[in-house]
Amino acid sequence: MDIGIDKIGVYVPKNYIDIVELARARNVDPNKFTIGIGQDKQAVPQPYEDAVTMAANSADSILTAEDKQALGLLIVGTESSIDESKSSAAFLMDLLDLPEDIRSFEIKQACYGATAGLQTAVDFVSQNPDKKALVIASDIARYGIKTPGEVTQGAGSVAMIVSQNPRVLKLTRKSVYMTRNVGDFWRPTFSKTAFARGKFSNEVYVDFFNTLWKKYQEKYSATIDDFSTLLFHIPYTKMGTKALRTLEGKIPDTKYAELTEHYQASIKFSREVGNLYTGSLYLGLLSYLTNAAQSNEELLLFSYGSGAVGELYSGEIQAGFDTIIDQNSILKMLDNRQKMSIADYEKMYQIEYQNGTIVDPQAVNSKFYLSEIKENERLYKKLK
Ligand code: CAA
């Protein structure tokens, strides 16, 4: 049975900051941020947006009434969840008007969460072929104002429906994975911002990619000629570039040139949005599908979550995928965003809603939003 991604949609907040302006405000040469880090814009969420609201927005962009009735599993991958007990998935039941006979939960393993969700969903559909699964990656990446990681922030969500006979990406079920206890990135429960050993994280990431690519070749007698495209976890686009560059000189120049050209198409959206943490690989997939992909292409996807878990797996783009993805709406969503000044971004960054907050819907620019915090419980609404 063929199983994989049948639909994929995205949500990004409606405000962004310009990376050149951020560089100037931090007295940094803009080329460091645009070339050295590889970013152009960074999504800035409103205080009434969080992993739940963004997940609702991305899922709402792809779910039909028919999909909802067929759902048997809902998984939210996030490392910026809003409750230590209740999963983001439970909040989505009302917001998305989902039927009750669904198994739902949240998965956390840094930026690997969505891939864990996707692979779990594939297993679920193989056992329940008449059912679909909804996997959502949703995160706000925060390192703090004036930190080295500030330029690698971002926010957004990617939602995927997994089913049999997928119309976007068939997963070949060829996959290799690994876990090591590594201290490259962590966020203790008391902190809204992450702690990272950024350069060390880069080294571990590249090492995981190389180790897994070797394992994949051995396990499946594969060569680079089996693939036209490599997609990477891209919290900032330079990170994937570093892994890709390790292949230079080890594979034919023409193949390296092809992979590099396709990689550029896969990072277009990330350059505009920034870090989606666990959604980053899937924003890259969507960027590739929107900007360059061809039917029947074989892709290799590298997922990495600090801490650290890595997985390298393959998929095949399905004929007609371009009729399933709402490319115009996605491009419009990115184009229609409003730029925010660095001063306004800094001000908004400090806002943290407390118990008793009631949000005025007139001031909201996202369909799903945090409406109130009552008895320390976060309550959500959909704009009428
Ligand atoms: N023009 C062009 N390039 C320039 C430049 C200039 N004027 N000045 C510097 N550069 C280049 C540097 O040469 C460097 O390039 P290379 O990496 O190719 O050597 C690049 O710009 C960055 O320069 P630095 O290393 O000096 O920058 P930095 O000290 O500010 O650190 C960083 C950069 C490590 C990425 C830092 O921003 C950081 O710590 N970010 C947060 C950590 C992070 O995102 N880690 C990823 C974790 S994995 C993940 O996704 C997390 C997860 O699972 C949860």
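The backbone N, Cα and C atoms fix where each Cβ goes, glycine too.
Just so you know, TrEMBL annotations never went through curation; they're auto-generated.
Look at TrEMBL and you will find 2-164 tagged as domain 'Hydroxymethylglutaryl-coenzyme A synthase N-terminal'. Per TrEMBL, the feature (3S)-3-hydroxy-3-methylglutaryl-CoA binding site maps to D29, Y143, K242, N275. Per TrEMBL, the feature active site, proton donor/acceptor maps to E79, H233. Under the heading active site, acyl-thioester intermediate, TrEMBL lists C111. According to TrEMBL, the domain 'Hydroxymethylglutaryl-coenzyme A synthase C-terminal' annotation covers 175-247, 259-351.
Sequence features, as recorded in TrEMBL, placed on the structure.
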| residue | record | Cβ contacts under 8 Å, 6 or more apart |
| --- | --- | --- |
| D29 | (3S)-3-hydroxy-3-methylglutaryl-CoA binding site | A23 |
| E79 | active site, proton donor/acceptor | K108, Q109, A110, C111, G113, D139, R187, Y277, T278, G305 |
| Y143 | (3S)-3-hydroxy-3-methylglutaryl-CoA binding site | G149, E150, T152, Q153, T193, A194, A196 |
| H233 | active site, proton donor/acceptor | C111, Y205, M239, G240, S280, L281, G284, F302, S303, Y304, G305 |
| K242 | (3S)-3-hydroxy-3-methylglutaryl-CoA binding site | N202, Y205, V206 |
| N275 | (3S)-3-hydroxy-3-methylglutaryl-CoA binding site | D139, A141, T152, Q153, G154, A155, P235, Y236 |
Summary of DSSP states over the domain 'Hydroxymethylglutaryl-coenzyme A synthase C-terminal' (175-247), given as helix, strand and coil counts = 35 helix, 13 strand, 25 coil
Secondary structure composition of the domain 'Hydroxymethylglutaryl-coenzyme A synthase C-terminal' (259-351) [DSSP: H/G/I, E/B, coil] = 51 helix, 19 strand, 23 coil
Within the predicted model, mean pLDDT of the domain 'Hydroxymethylglutaryl-coenzyme A synthase N-terminal' (2-164) = 98
Among all the protein chains here, how many other CB atoms are within 10 A of the CB of C111 (active site, acyl-thioester intermediate)?
-> 30
